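These notes concern the structure reproduced below.
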Amino acid sequence: MRFLTRFVERPVLASVVSLVILLLGLQSITSLTTRQFPEITSATININTPYIGADAELVRGFITTPLEQAISEAEGIDYLQSTSTQGQSSIQAYLELNYDPNDAVAQILTKINQVSNQLPPEAENSIVYVTSEAETDAMYIAFQSENLTPAEMTDFLNRAIRPRIETIDGIQQARIQGAQTLALRVWLDPRRMAALGVAPSDVQQALASSNYLAAIGQTRGSTFSLPLNAGTSIDDVDVFQRLIVRQNGNALVRLEDIAEVALGSEGYGSSTFINGRPAVFMEVEVAPEANLLSTIEQVNELFPRLQEDLPAGTSGTIVYDATVAIDSSIDEVVSALWQALAIVTVVILLFLGSWRSALVPVIAMPLSIVGAFFIMNMLGYSINLLTLLALILAIGTVVDDGVVIVENAMRHIEEGEDPDLAAKNTVKELASSIVAMNVVVLAVFLPVGLIGGLTGSLFTEFAYTIAGATLMSGIVGLTLSPMMCAKVLKPHSGDKKGIARWVDRGFRRTSTIYARLLGKALDARWVVLAVGAGILVSCWFLYSSAQRELAPPEDDGFLIVSAEADPNISIDQLERWTAQLVDIVAGFDSVDLAFANNAGEGGGSAFAGAVMKDWGEREHTQQELQPELNAAVQEVAGLQVSVISPSTLPGGGGGPPVQFVIASIDEPRAILEQSERIVQAANASGLFQFIDSDLTFDRLQGELEIDREKASALGVDIARLGQDLSTMLSEGYVNYFSLNERSYRVIPQVEREFRLHPEQLENYYVRANPDGPPGQGVSEAGGTLVPLSAFATITTDVRPSALSRFNQLNAAILSGVPAEGVSIGEAIEFLQGEAESLPQGYSVDYAGQSRQFVEEGSNIALAFGLAVILVFLTLAAQYESFRDPAVMLVSVPMSLAGALVFFALGVVSANIYTQIGLLALTGSIIRHGILLVEFANQIQRDEGADRRQAMEKAAALRLRSILMTTIATLIGLVPLLIASSGPGANSRFAISFVLGVSMAIGTLFTLFVVPALYTLVASKRSESAEGSKEGAGQGSGEMAGAAA
């Protein structure tokens, strides 16, 4: 590589190369987009099919099962999960990571259409939509009004606010929670109906036949045509009230005679409160493939204009904005990058002792970082938390090339060479080492892009950004840095002065001490190697004792409070309980506001959110508040409450951290027995803050037992009976009516006071013998009215409130939160142990974060193994030896052991951040080994020294640059280590702590174990006698001389 000396001879050419890198990098910075994480598409296709009035078992058998069978044939589905509840089938198709959701929707819609004729005719059409796989949406907006009812508020938002938000590019949907969609409600009075001889079917028929949408066309004459409107539909409440339901002789029975007709809501089973006041929430969801930051920024820009258009007495407030934490996290990382560059600059100046020598690596360092942005732009990457973190971690690597170059040039100058010659000799001596070191880094990170899964999707940009910065560092180090040494450094002028003298004196003392210690270590090299072997063996035991989790918990300033009540609890009672819940949450000093969304009337569940104050305005972190809040909310009687931190990773899955699936073809009662056993064991273990199964037989259900013989004798038609009861109770709609250019449902139902308890149904009247002769209480169409009590009785039974299925098998899903200090790995391992005793035919699976945790466990190990193999083969090819790469690589397990000790002590957990940190360490620590072995080989060739002599001299020559690089790397990590709070701080601390500790301990081992192994197994490159006493003495003397 002697051609590289041309850059020393042609300084303009070297400057042009660096200026091109600078310009391309600066231009790339302006064109790169900013995101939280690399672009990852983690989508779920939701298929909701209403079957109003049907119980969970009916929904499962006739809606969920056939739809699941059809949907499972679509491509790109990771797993299917479904829930069948009262009147609703909900199927979630979780897609494989980065699978196109639009393609999946198209396939699923086709599959649904193929089986639509198999579904009950009363079932409504399936609603299919895409959501991102996360617990929380990007933004929550609360609207409160002093003048509008919730139904009126919902209608206004649907008309004026929601469309404007959904037109923003990147918005998936703006979903309204606590919505009470406007509808025409026909509140039936069963007593008046019975008195006037009106059956529910009469009401149903009158509404259906009198309110009909007719498209009758137009006239077409010889000169003009006229569009026609039949006026068969109704758009006025008064007209509805005057509808004729039946004729009793000459008397007409109108709808207003038996019912109250008014504008109301489709349902009254949900509500939302913020800090105790009623509200309507709008959840803004960003499309899985969209840029969250830029999309929500547009919503924030639009929001002031939306507020101006709100009706009088109505206000809107953004109560949660996920981008606040993201922006804060990005700002922290950018600040840490600048701090690291500044600190490392000072350290280099102190170590080199003069501003001239420090100028070389100080200029090369930011130039390499800026050049990395060009690589990022070429690869289509973005500026995100992980790529910015990669640049910080790359500082130690990119500064290494400059430090090695300038330190070696300074040594030649001190030996009497002029700066120009010193620079050329430095290039000749170090070119192969620098190339090898940079190729090794590329080889280390190449497997990350090949492993796939969440780890591969997240960290490919991270890995290749470090590789890009390293590549740029190599180019700058071989072109600009030698030229600057020739032009900036001065010829040797005798003794050094000032800080340079002080620094040089310190290194001389350090080198002398190191020379003595290394000599003793090589004299007892078998002991050193035995210690190294012991450390190597300990790595597995240390790692196996570490706590394992998907990612460290983060302080994003938001906690989820999940509450479950008895499924038979009314919405009124649920609201009273959640009011207490919100009061408790809002009472904490660290909480800014609290809100609750209730889903009663058969749901019995509530979702509350605790929005915390800004990080600088509170004393407690999210992790500190979570157990305190969880203990406090347990005081609310009637609710089973758990406090959850949202997942911090895209594609990490929503819901509680632990989601353990027990699946079988057995019926739910058999699965319930097994799931209850495991839940009881889990609760007794103390490993869980909360754990429960979604399969519970806790819902009281009324059973109408019909005496079919009596019903037949009375002339009761069973099909008509079902329709009558559905009209009175199910809240199903008949048709639509038009109001202000929008259509709304027409829903008949018995007034609430007549359906407070099951016994009241016995007083409902239905049509019997419809073809019989007219008479008292008889319609003109014939038939009599008979009470249900004449042929039916009401009993109650206990049924499951929801029936879950997982990949088309009946299932119980155990959801839990590990106790404080317990990792998700420990929790899952316990459940796996309990599941070993499940009967034959049962299987276990995972959902949400647990699924990602289990799947990602082997990916990192695979990447690490591939990296080590690639590095070994790359070095073997370059050095034409299998021995030398083995010596160079021995520093890797030594470094890993240093970090794994802290894994075992619980300082950090084994997660995807710390594991990637260990992978990044491989590329950094092996550079030390390459320098030592490369220089030792050169000394063997050039001076005829034996292996010990060569290594002792190489270690003395390279000690300064190794220590400088290590300390610069450690100092560069300080901004990440001291930022102990704020969004993303825990992840940044974990990866930087692992890298820092491993680098420090690994460097210590490298300085002793690598030389010891080199003297034993490295290739011989001279004819000198090996291992002679004379050679050993000469080696020690030469080392002391080199150190001096």
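Positions of Cβ are set from backbone N, Cα and C atoms, glycine also.
All TrEMBL annotations are machine predictions without curation.
From a predicted model like this one, the values you see are computed outputs, not experimental measurements.
Among the ranges 6-24, 462-480, 918-936, the one that TrEMBL lists as transmembrane segment is 462-480. At the 8 Å Cβ threshold, with sequence separation of at least 6, the transmembrane segment (526-543) comes into contact with the transmembrane segment (990-1014) through 3 or more pairs. Of the candidate ranges 333-352, 434-456, 990-1014, 333-352 contributes the most Cβ pairs within a distance under 8 Å of the transmembrane segment (957-978). Packing against the transmembrane segment (860-879) from elsewhere in the chain are residues 432, 435-436, 439-440, 443-448, 450-451, 455-456, 885-886, 888-889, 892, 912, 915-916, 918-919, 922, 926, 930, 933, 937: each is 6 or more residues past its ends and has a CB under 8 Å from a CB in it. By the count of Cβ pairs under 8 Å, the stretch nearest in packing to the transmembrane segment (990-1014) among 333-352, 434-456, 462-480, 886-910 is 886-910. Relative to the transmembrane segment (434-456), the listed stretch 462-480 leads the set 333-352, 462-480, 886-910 in CB pairs under 8 A.
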